[in-house]
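Below is one structure, written out as structure tokens; comments come after it.
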Amino acid sequence: MSIFSERSLWGRLDDVQHDAGYDEDHPPRMGFFTDTSVCIGCKACEVACKEWNDVPDDGYLLTGMSYDNTQALGASTWRHVAFVEKSGAGAAPAVDLGMPSFDLPGAHPHGEDQATESGDGALRWLMSSDVCKHCTHAGCLDVCPTGALFRTEFGTVVVQPDVCNGCGYCVSACPYGVIDLRKDDGRAFKCTLCYDRLKEGQTPACAQACPTESIQFGELSELRERADRRLEELHEKGVDVARLYGRDPEDGVGGDGAFFLLLDEPEVYGLPPDPVVPTRDIGSVWKHVGIAAATLFGVGVASFVGRRK
Amino acid sequence: MREQSMVPEPEFESYYGRQILKTPTWKTPDVPLYLFLGGLAGASAVLAEGAALSGRPQLERVARLAAAGGATAGTVALVHDLGRPERFLNMLRVFKPTSPLSVGSFILAPFASFAGAAAASQVTGVLPRLGRLAGVGAAAFGPPLATYTAALVANTAIPAWHEAHRELPFVFAGSGAQAAGGLAMMLVPLDQAAPARRMALVGAALELVASERITKKGLVAEPYRIGRPGRLMRFARNASVVASGATALAGGRSRVLSAVAGATYLASSVTTRFGVFEAGLASAKDPKYVVVPQKERLARKETGGAAAHTEGQPAG
Ligand code: SF4
Ligand code: SF4
């Protein structure tokens with residue numbers, strides 16, 4: 001195993017497996033394209049994931065958050081279907097930045113375009129099945145001190161439970177809030193993109209179970225092309241609010257292995273608007289630590305110079 | 001809870017107000033205590049070597065024991081924090097410069113060994129030359145031990161920690177110097193404690209300046225200003241100022257005053273670590289610290305193009 005698990009820390013990276021030390025003849029990078037515009041909120045993906053991966057239950061409670069009692073991704077929730085109900089007045093138009101701080105004064109056209117576009121006037125439903133993004137530059141993987149998190153030959157990011165010592169560093173380093181420690185177990189868990197199924201040439205359980213093909217599995221390069229066509233199609237139909245999230249290989253995490261087509265701002269679905277892998281700044285971090293350490297040493301030396309008193 | 005907020009509440013959208021990031025799973029008091037103990041031990045090792053070189057046996061003894069004791073207690077806290085403590089040694093399985101916890105394990109392990117050997121030799125009088133050599137080793141690993149913990153918290157997605165990555169190493173260096181100086185001021189006679197006083201004074205100044213720069217950072221730094229972490233940060237600052245005043249005025253003359261000022265420095269150092277730690281937790285729990293700065297960044301990118309790209313770039 002090489003010393004650097006990631007040779008490139010940030011920016012575009014076209015062959016993530018090779019960067020992680022695999023030979024040139026590794027399999028293509030696999031991923032998910034989740035097209036939320038056709039999601040019907042059936043949660044078949046959540047159930048299939050739990051069943052296949054033998055993920056323990058993490059409590060049953062009623063949240064009052066529309067049909068979402070799952071709440072968020074976590075150590076024992078690897079697919080999470082978000083439900084957003086927006087009334088006409090609350091439905092934000094696509095370009096609304098939602099913050100008066102840099103909106104033009106008065107430029108807050110409350111929700112007409114979305115309401116008319118969706119044609120249902122009063123209420124707009126948004127449903128989206130969230131999952132680990134299998135980042136090109138994965139914060140969780142970068143910081144894992146044990147090497148428990150690793151890049152697979154398919155370009156996905158997977159935890160080895162037999163190595164993880166539950167330090168929790170990955171939890172704080174994921175810019176999407178995906179990975180977490182299982183309290184009673186002590187170790188970190190998240191979506192493996194069904195690594196075991198992939199090795200057998202099978203489709204991940206969630207994509208297999210999805211009845212509307214909202215969750216599409218395949219080679220990432222193909223999925224990106226498919227997503228671009230779908231976006232164009234929606235824009236032609238006048239659905240201006242459609243946008244791709246995690247598709248751009250130049251973004252703060254070098255693009256997601258699991259990316260999305262959304263119908264509103266990412267934060268409406270509980271996604272960060274512009275995530276950046278923390279390790280992008282590791283050079284600056286170490287530089288400042290080095291200077292601070294030298295300063296402390298200097299302070300120590302200086303304390304002994306001068307009058308002996 | 002939102003008292004003393006200087007920034008007007010920004011409007012932003014979220015998923016039922018839920019947090020986006022996971023709250024760090026690091027436990028209180030394990031991890032903030034570890035941050036403190038690493039600083040105390042690291043700076044004490046430097047103090048101990050200076051004392052040995054300049055012939056101040058009582059200062060040397062206290063500082064050596066502080067270095068060894070701090071490293072031992074810190075290691076216990078760190079191991080206790082793990083979800084699987086019995087797998088602690090997995091930390092030394094790989095060396096990853098992208099993981100400050102990995103790098104830190106390779107600082108802590110030699111430091112603890114050197115500091116332990118130096119202290120043991122000092123107390124027992126066995127192998128004095130090897131003991132001194134170990135002391136030099138501890139003094140070399142001390143400053144990195146005291147400051148790498150800033151990289152540990154800064155290299156996360158937690159906005160209050162990450163956005164302070166340039167200043168936190170200096171806060172931690174200053175805080176460690178105060179702790180080491182303060183402890184020696186409490187336990188060492190006045191005529192040998194002058195270097196400890198100077199170390200604490202300069203450490204306090206360093207920390208005050210660096211902390212001040214963090215708290216001025218606008219919305220991302222709000223957790224350092226409000227609520228419980230805000231109170232902790234203010235207490236730490238005031239304690240540093242009071243202790244420094246007392247030390248400068250009469251630290252070299254009154255044994256009692258020196259001890260009280262030393263204890264105040266220690267209290268300040270502990271409190272800073274809890275304040276920084278809890279500010280990070282608070283910043284993970286509120287989606288606004290994620291959404292608002294990121295939306296602003298996107299807006300800048302749209303308008304400014306290349307300008308947005310130069311900000312916050314890694315140095316190398
Ligand atoms: S989304 Fe989070 S957990 Fe998933 S690969 Fe990226 S950093 Fe890791
Ligand atoms: S909790 Fe486990 S997977 Fe996460 S960083 Fe620590 S050792 Fe790695």
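Any Cβ shown, glycine's included, is placed from N, Cα and C.
Look at TrEMBL and you will find A:C39, A:C42, A:C45, A:C210 tagged as [4Fe-4S] cluster 1 binding site. Taking Cβ-Cβ distances under 8 Å and a sequence gap of 6 or more within the same chain, the neighbours of A:C42 ([4Fe-4S] cluster 1 binding site) are A:P211.
In this structure, A:C191 ([4Fe-4S] cluster 2 binding site) belongs to neither helix nor strand by DSSP; it is coil. Annotation source TrEMBL lists [4Fe-4S] cluster 2 binding site at A:C49, A:C191, A:C194, A:C206.
The [4Fe-4S] cluster 3 binding site annotation in TrEMBL covers A:C132, A:C135, A:C140, A:C174. All protein chains considered, the CB of A:C174 ([4Fe-4S] cluster 3 binding site) has 30 other CB atoms within 10 Å.
Secondary structure at A:C167 ([4Fe-4S] cluster 4 binding site), as computed by DSSP, is coil. Around the Cβ of A:C167 ([4Fe-4S] cluster 4 binding site), 30 further Cβ atoms fall within 10 Å across all displayed protein chains. As annotated by TrEMBL, [4Fe-4S] cluster 4 binding site applies to A:C144, A:C164, A:C167, A:C170.
What TrEMBL lists as domain '4Fe-4S ferredoxin-type' is A:30-58 (among others). Long-range neighbours of the domain '4Fe-4S ferredoxin-type' (A:30-58) within the same chain, counting only residues 6 or more positions beyond its ends whose Cβ lies under 8 Å from a Cβ of the stretch, are 67, 70, 74-81, 83, 125-131, 134, 154-156, 182, 189, 191-194, 197-198, 204-220, 223-224, 226-227, 230, 234, 239, 242, 256-263, 269.
Annotation comment: TrEMBL describes A:123-154 (among others) as domain '4Fe-4S ferredoxin-type'. Counting only same-chain residues 6+ beyond the ends of the domain '4Fe-4S ferredoxin-type' (A:123-154), those with a CB under 8 A from a CB of the stretch are 1, 5-6, 8-11, 13, 16-17, 20, 22, 26-32, 34, 36, 39-41, 45-46, 73, 78-88, 91, 114-115, 160-161, 163-165, 167, 169-176, 178-179, 188, 190-191, 193, 195, 198, 206, 210, 214-215, 246, 249, 253-260, 262-264, 268-271, 277-280, 282.
Non-local neighbours of the domain '4Fe-4S ferredoxin-type' (A:155-184) in the same chain are 16-17, 28-31, 56, 72-76, 132-135, 138-149, 190-193, 195, 198, 220, 252-253, 257, 271-272, 275-279; each lies 6+ residues outside the stretch with a CB under 8 Å from one of its CB atoms. The domain '4Fe-4S ferredoxin-type' annotation in TrEMBL covers A:155-184 (among others).
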- Note on the structure: By the 10 Å Cβ-neighbour count, the most surrounded of the binding-site residues A:C132, A:C206 is A:C206
- Message: Counting by DSSP secondary structure, give me helix, strand and coil numbers for the domain '4Fe-4S ferredoxin-type' (A:123-154).
- Response: 5 helix, 13 strand, 14 coil
- Message: Through the lens of DSSP with three states only, how would you label A:C49 ([4Fe-4S] cluster 2 binding site)?
- Response: helix
- Query: DSSP helix, strand and coil counts for the domain '4Fe-4S ferredoxin-type' (A:30-58)?
  - Reply: 13 helix, 6 strand, 10 coil
- Message: What does the structure give for the C-alpha distance between A:C132 ([4Fe-4S] cluster 3 binding site) and A:C144 ([4Fe-4S] cluster 4 binding site)? Integer Å is fine.
- Response: 16
- Quick note, A:C140 ([4Fe-4S] cluster 3 binding site) and A:C167 ([4Fe-4S] cluster 4 binding site): C-alpha atoms separated, nearest Å, by 12
- On average, residues of the domain '4Fe-4S ferredoxin-type' (A:155-184) score a pLDDT of 97
- Sequence-ordered binding-site residues from A:C42, A:C167, A:C194 with Cβ under 6 Å of an atom of ligand 1: none
- May I ask you to pick out the binding-site residues among A:C42, A:C132, A:C135, A:C140, A:C144, A:C170 with a CB closer than 8 angstroms to chain B's CB atoms, ordered by sequence, or 'none' if no residue qualifies? A:C144
